[in-house]
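Copied over from TrEMBL, here are the features:
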- 1-656: topological domain 'Cytoplasmic' (TOPO_DOM)
- 35-250: domain 'GB1/RHD3-type G' (DOMAIN)
- Gly45, Pro46, Gln47, Ser48, Ser49, Gly50, Lys51, Ser52: GTP binding site (BINDING)
- 681-698: transmembrane segment (TRANSMEM)
- 702-784: topological domain 'Cytoplasmic' (TOPO_DOM)
- 736-749: compositional bias 'Basic and acidic residues' (COMPBIAS)
- 736-784: region 'Disordered' (REGION)
- 756-772: compositional bias 'Low complexity' (COMPBIAS)
Amino acid sequence: MGDACFSTQLIDGDGVFNVSGLDNFMKEVKLGECGLSYAVVSIMGPQSSGKSTLLNHLFGTNFREMDAFKGRSQTTKGIWLAKAQNIEPCTLVMDLEGTDGRERGEDDTAFEKQSALFALAVSDIVLINMWCHDIGREQAANKPLLKTVFQVMMRLFSPRKTTLLFVIRDKSKTPLENLEPILREDIQKIWDAVPKPHAHKETPLSEFFNVEVVALSSYEEKEELFKEQVSHLRARFQHSIAPGGLAGDRRGVVPASGFSFSSQQFWKIIKENKDLDLPAHKVMVATVRCEEIGNEKVASFTADEEWQQFEEAIQHDYVPGFGKKLSSILDRCLSEYDMEAIYFDEGVRTSKRQQLESKLLQESFDKALTKEGFAAAAARNCMQTFLEQFDKGSEDAAIQQVKWDPSKVKDKLKRDMEAHVASVRNAKLSELCAKYEAQLTKALAEPVEALLDSASEDTWPAIRKLLQRETKAVVSGLESALSAFELDEASEKDLLAKLENHGRSVVESKAKEEAGRVLIRMKDRFSTLFSRDADSMPRVWTGKEDIKAITKTARSASMKLLATLAAIRLDEDVDNIENTLSLALVDTARPGTTDRSIQSFDPLASSSWERVPEDKTLISPVQCKSLWRQFKAETEYTVTQAIAAQEANKRNNNWLPPPWALAAMAILGFNEFMTLLKNPLYLGVIFVVFLVGKAFWVQLDIATEFQNGFLPALLSLSTKFVPTIMNILKRLADEGQRPAAPERQREMELQPTNRSSYSNVTSAGSSSVTTTENGPEYSSPVAK
């Protein structure tokens, strides 16, 4: 029994929809084959009221039941789904989580309302499980549940009529005939008290629900009677969707193949706290499912073995009976679509069928084309086949008494087909040319950008070589693909020439793009060459570098970049742009001329380059001059900083005065030197001063301080001078207070003693050392 009902958790306790589980469930029970012949039954009720037990006995399911010996607790979490056993038609059973459970708490009613609305949206029959002793009571356990059901029903736009089957559990001795009126009165009171939209203010309960009431004895006390009553109730679920059956209004039901998608959308809308529009939902489900069915049929058409053989045959030769064979395959696909989509909305179904028919016809024509997109032979084959079908149909429709000439109609048909074939051919040609143009663009764009960025003498020759190689390869591919179109020679040459021109336009557009960024490129190149050495390591300006030569080299490299991007050189014409720029911008010093302002001729005072066409000019000479002026202004700061760093480094590393100062000191200080030699006391004072100065030099770390600059060194030394003096004085004071070390004894005197000891006596004031059995002993001498 358990294996046959395929019990699955549809929605877990956190409200997560089990999509894969539902899809597997539908495959196992083969729900998609049922069409509209299926029913959905759900059950609501308080927690631990025996809902799962009732469903298991009523439908042969295997939902988890509460263990009475372990006490009352939550057994069903979320919403579970199973298939009823031995009930026709296919009946799906949903077991909902119990209401008013202590696990969720008194205030957590969101999931309770969401699950109730979901059950009302998808179910044909809703069982309301309630205790017999709650009937007629004002504070009964079922009243909050009924309020919830009626409140969420208001959120259904144009709701269908659902059957509410009240199952009275643990029936007492009171006859059902007496209990039912009381229950219906309670239901009506709850319905009247529920707030309603203005459109449903006066709507009676019977417009929304078919209310049915049954009573069952206690399962624990009267198990046999309970099972007998459940068996009678089970019979009412047989053929429940038939006219007069237990199920209510079936207008809003979706076909079984759309049950999974419909349920997912219902739960998604409910979780987003939106109202449900059932008619619109039905159309939406029909649209999605019919689209899916149509796509499946297109896929099956292309994978059909008969069609694949047919497709291969028409690639090589004329196929007799082409139209008849193709019509047969198309009719089979459309018939399968009609069979699967028959239960969905008629308007949607018809619209999607027309789309499917168009797709299949287009697919059949496209598959008659070659891999590159078109085959003139295949097109002629199709036209000839349909013209033959027209001739055959004309003969069958001809009336002997009427002299009807179908030639005009045939000519019009032929013109229409030729126009269609021409439009398809042009579209395929455009698509093919666009494909090869994109391929050529991809092959040229990035390599050309990299070559322009390197900017050397070989840049444009390398670009020309690249353009020639890539264009030749792509043109060869297009030429091969065009053979299937059977174009005339002139048309084919035009297309190939257009592709070649496209390659040149790609290079030119990339060159123009790089020319727009030339100033940034020049500064980047200058910075790289000026700030880094030949090994690409950052330069340290130690004073040995020739900044002037380095600056000239970096600027010359930037000038070459400017010369490279000044004009497009896809033809092998020679120009003198680089020489002109070098002469005017870098090598400015000329023999016999010291002031540039008096030069009689400026080679950049022009709007065009010599021997360069205007349409190939990217940067004019005047623009080059302006760019160079801006470039020098923006890089001057870098050079100035390097010179300043070099001078600072020289100053920090040169502590000796200049030679002339040393000579002056020697001459002017001769008398003082002789005075020192005549009075050696001065030398002692100078030596003491030297020692103190050396101490200050080491303690203040003067050499390190002056490496940071003269003024920062003075400021730092001024703050450290007084603490350093105090530190030196303190250390001298500590050295003076340290006790003197005792004199070292130079001799040890030995004195003869007993047989067990001896002693060495060095002097009257010395100590004696005695060796005994217990080791050496020290004692003071006795005065004589």
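Cβ atoms here come from the backbone N, Cα and C positions, even for glycine.
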Apart from its near flanks, which chain residues at least 6 from the ends of the transmembrane segment (681-698) lie with a Cβ under 8 angstroms of it?
675, 724, 728
Hey, of the binding-site residues listed (Gln47, Ser48, Ser49, Ser52), which one tops the CB count within 10 A?
Ser49
Neighbour count (Cβ, 10 Å) for Gly45 (GTP binding site):
24
Around Gly50 (GTP binding site), how many other C-beta atoms are within 10 angstroms of its C-beta?
24
With Cβ-Cβ distance below 8 Å and at least 6 positions apart along the chain, what are the contacts of Lys51 (GTP binding site)? List them in sequence order.
Ile43, Met44, Gly45, Thr76, Asp95, Leu96, Gly98, Leu127, Asn129
Around Pro46 (GTP binding site), how many other C-beta atoms are within 10 angstroms of its C-beta?
21
Averaging the per-residue pLDDT over the topological domain 'Cytoplasmic' (1-656), what integer do you get?
82
